[in-house]
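Pulled from Swiss-Prot, these are the features on record:
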- Cys421: active site, phosphocysteine intermediate (ACT_SITE)
- 1-388: domain 'PTS EIIC type-1' (DOMAIN)
- 399-477: domain 'PTS EIIB type-1' (DOMAIN)
- Cys421: phosphocysteine (MOD_RES)
- 1-14: topological domain 'Cytoplasmic' (TOPO_DOM)
- 36-50: topological domain 'Periplasmic' (TOPO_DOM)
- 72-79: topological domain 'Cytoplasmic' (TOPO_DOM)
- 101-111: topological domain 'Periplasmic' (TOPO_DOM)
- 133-151: topological domain 'Cytoplasmic' (TOPO_DOM)
- 173-190: topological domain 'Periplasmic' (TOPO_DOM)
- 212-249: topological domain 'Cytoplasmic' (TOPO_DOM)
- 271-279: topological domain 'Periplasmic' (TOPO_DOM)
- 301-309: topological domain 'Cytoplasmic' (TOPO_DOM)
- 331-355: topological domain 'Periplasmic' (TOPO_DOM)
- 377-477: topological domain 'Cytoplasmic' (TOPO_DOM)
- 15-35: transmembrane segment (TRANSMEM)
- 51-71: transmembrane segment (TRANSMEM)
- 80-100: transmembrane segment (TRANSMEM)
- 112-132: transmembrane segment (TRANSMEM)
- 152-172: transmembrane segment (TRANSMEM)
- 191-211: transmembrane segment (TRANSMEM)
- 250-270: transmembrane segment (TRANSMEM)
- 280-300: transmembrane segment (TRANSMEM)
- 310-330: transmembrane segment (TRANSMEM)
- 356-376: transmembrane segment (TRANSMEM)
Amino acid sequence: MFKNAFANLQKVGKSLMLPVSVLPIAGILLGVGSANFSWLPAVVSHVMAEAGGSVFANMPLIFAIGVALGFTNNDGVSALAAVVAYGIMVKTMAVVAPLVLHLPAEEIASKHLADTGVLGGIISGAIAAYMFNRFYRIKLPEYLGFFAGKRFVPIISGLAAIFTGVVLSFIWPPIGSAIQTFSQWAAYQNPVVAFGIYGFIERCLVPFGLHHIWNVPFQMQIGEYTNAAGQVFHGDIPRYMAGDPTAGKLSGGFLFKMYGLPAAAIAIWHSAKPENRAKVGGIMISAALTSFLTGITEPIEFSFMFVAPILYIIHAILAGLAFPICILLGMRDGTSFSHGLIDFIVLSGNSSKLWLFPIVGIGYAIVYYTIFRVLIKALDLKTPGREDATEDAKATGTSEMAPALVAAFGGKENITNLDACITRLRVSVADVSKVDQAGLKKLGAAGVVVAGSGVQAIFGTKSDNLKTEMDEYIRNH
């Protein structure tokens, strides 16, 4: 049961990365366009704002497509089925909800009582994915043969969406009310506590690759903002981009991603044994620059996560504290994907107290460096370069990586599902005991996570390319 649950949660987390991947361009367009910079012609600002806003307005549909593709090995039919399912489900609720709630349709629409948001998109995507996996090989009588196989999937998905829409018309209002209550509490009533908890739990979920699921309600659901054109935005990211002065509560990520973790990487480098310091320095400086520029932190985190869990617990606590600090000091900036220098500069149009970020950030860096340096020495933690015995990894060329990786995962017969997100290979295997974790690390994995039949190998931003190479190798050999 646990094996299947973790494998499915892995797929959910991975599938959410496709819609999240459109946020950078949408965020830049909406953020820059809404900022109304004096050096940018008004018509250009308007076009950019409308273009970016259109993506955020259709996020439920984009999430529906992403979830469907994530559970069907990127089969395009499931994406079409997800679009059909979402459209039918929404319209079904629009008709049935007024009958259930005994309220005019206009009042239901104005109060968003039947608005399922991105969660509705995820539900629609799940319907399409389930129907695809269940019916894509279905055989029908000869006179209905045209609708057999994959063509049947959008049809059955649409029918299932009608049933789902009717059911949601009854159960969604109380669920939506609870979500709205939490949204109001987190966004407006007590954001200090809410985002402190968010930051801590989000880091705790990183080792399992499940943080993408936790991010969705905070990034795309909480709070509500209506701009001058009457467009409604939900979620901290879209609201900030649209110019909501109460948004930007996710800004704490800049403190530990641009300053804290890079300082921790330097502390690990300085703590390495003299004979290993040059080698470790190259790795850590590269990881620190990645975190500082892009906000991608896994290369640093996985270097100490398993060998020194006490450091990771402290890091999770400091990450959680970063969000309340920014909120209490009135520091706001925007993020579209992660909290790196690129986001910090490009999305600063609606920011507040931008000058405080480097000041507080340097203070955070000092805290991180001091804690890591002291604890590594005092507890003799085996961070990179301090191992009792090290074995040099053999350099492996790009052309050799695919077969070596397949072999490390136990051979192609042992691989039951192959996928990747931004920083990690996500592989389901038949027999975990056949996976060579040491071999994966020699090939460059910053860490390996095993839970049930799911194996995650953290290779950084090249993971998706490695997945493509492995997929081609498996098909051709």
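Cβ coordinates are placed from backbone N, Cα and C, and glycine is handled just like the others.
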- prompt: Have the transmembrane segment (152-172) and the transmembrane segment (280-300) got at least three CB pairs under 8 Å, pairs 6 or more apart in sequence?
  reply: no
- request: Mind tallying the topological domain 'Cytoplasmic' (72-79) by DSSP state, helix then strand then coil?
  value: 4 helix, 0 strand, 4 coil
Secondary structure content of the domain 'PTS EIIB type-1' (399-477), with strand meaning DSSP E or B: 36 helix, 22 strand, 21 coil
Task: Would you count the other C-beta atoms found within 10 angstroms of the C-beta of Cys421 (active site, phosphocysteine intermediate) for me?
output: 23
Query: For the topological domain 'Cytoplasmic' (212-249), what does DSSP give as the number of helix, strand and coil residues?
result: 16 helix, 6 strand, 16 coil
- prompt: Any residues 6+ beyond the ends of the topological domain 'Cytoplasmic' (133-151) with a Cβ under 8 Å from its own?
  reply: 71-72, 75, 77
Local confidence of the topological domain 'Periplasmic' (173-190) - pLDDT mean: 87
